[in-house]
Every structure is written in structure tokens, then in C-alpha cells.
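I have placed the structure first, in the form of C-alpha cells, so that the comments after it can refer back to it.
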Amino acid sequence: MNFKGTTVIAIRRAGKTVVAADGQVTFGYTVLKSNAVKIRKLVNGKILAGFAGSTSDAITLFEKFEEKVKSREDGIIDIKRAAVDLAKDWRSDKILHKLEAMMLVADSDNILLISGTGDVVEPEEDVISIGSGGNYAYSAALAYMENKKLSAADIAFKALKIAARVCIYTNSNIVLEEIG
């Protein structure tokens, strides 16, 4: 099954980090599910991750990413190092190279986008979004970030609601996780 047209957003603000996603699953031109969960807490709830792409591929990548984080002998959680290591493997490994997904990973200090082309991007702003409605959610979130009264969770929720109004592959059944 393929999560075609997913919208996932990550935001950091005031010591809180949020990853949120819509719940729509489409297959071709058909909506198969409206309440899918596309985000996870990893490493005992210290890291949030969300994905756009094939479901089985995303689960594999979540597992590989968590392995990379936990592989440090000193026990330090370094999502930047783990993201780079995963991106290297994803790009060069014959099996992983075929996986079709994008990931957002975040902890209390970082937000990163990881792609199968080997990209690891840390956004300039404390917000990033992926998927078919990603640009809509990102634009809305940037505008909402100017309102200092809104929390990271408020901004993510409002931004995804706007994306759902514009993108036919995004719905307003939002799942949100927060750390910090």
C-alpha cells in the first residue's frame, strides 16, 4: 500500500517539538482510509518521526533510523549523525535504495528531513513539511509562527487544516505527537 499524498509537519517552539500528520490514505484515485497514523515516537519517546511514502518502506526506515540512533556505544542520542548514516545506507544499499519514502525526524533540539536521494536537510526556520500538501502546510505554518501566542501544536494543527482545505490528498483527521 502506498501513502500517496500525505502531509506531515514538524515544528519546534518554546521548548516543545511537534510532529503531526493527516490521516488520509489513497490508492490511485480512491480514499482507502481516513484515520491512518503516519507518525511515531522512537527511542522511548525522545524522538518523533513522520513519513510520506510507502507504508512498509516507512516502517523499515523507522526501524533502521532507530537502530542508527541506538548504535552509539556512549548512549548519546544524536539524530543528526543517525540521519546522515541512514541517508548513506538508503542511497547506497541495494535493497534500501528501492525504498520510496521521505521522513521527518525531530527531537527537542533538531528537526531533520531525510530522503532516499541522500539528502538530510535541517530547516532554517523551526518548521518543515513534506508530502503532497507539504508546501501548503509549510506556508501556513510560517505565517502562524509570527503569532507568538500560538504553541507549536496549535500551529501544526492549523497549518494541516489549511493544507486539507487545498490538497485533495490531505484530510483533516490530524494525529499529533509532542515532546519537550
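Even glycines carry a Cβ here, placed using N, Cα and C.
Listed features, source Swiss-Prot:
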type	residues	note
ACT_SITE	THR6	active site
BINDING	ALA164, CYS167, THR170	Na(+) binding site
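Long-range C-beta contacts of THR6 (active site), restricted to its own chain and to partners at least six residues apart, with a cutoff below 8 Å, comprise ALA21, ASP22, GLN24, LYS38, PHE51, ALA52, GLY53, ILE130, GLY131, SER132, GLY133, TYR169, THR170. Annotation note: THR6 (active site) sits in a coil segment as assigned by DSSP. Other residues of the chain with a Cβ within 8 Å of the Cβ centroid of ALA164, CYS167, THR170, the Na(+) site, are GLY5, THR7, ASP22, GLN24, SER132, GLY133, TYR136, ALA137, LEU160, ALA163, ARG165, VAL166, ILE168, TYR169, ASN171, SER172. A sphere of 10 angstroms centred on the C-beta of ALA164 (Na(+) binding site) encloses 22 other C-beta atoms. In this view, CYS167 (Na(+) binding site) is surrounded by 22 other Cβ atoms within 10 Å of its Cβ, with every protein chain counted. In the three-state DSSP classification, CYS167 (Na(+) binding site) falls within coil. Take the CB of THR170 (Na(+) binding site) and look out to 10 A: across all protein chains shown you find 29 other CB atoms.
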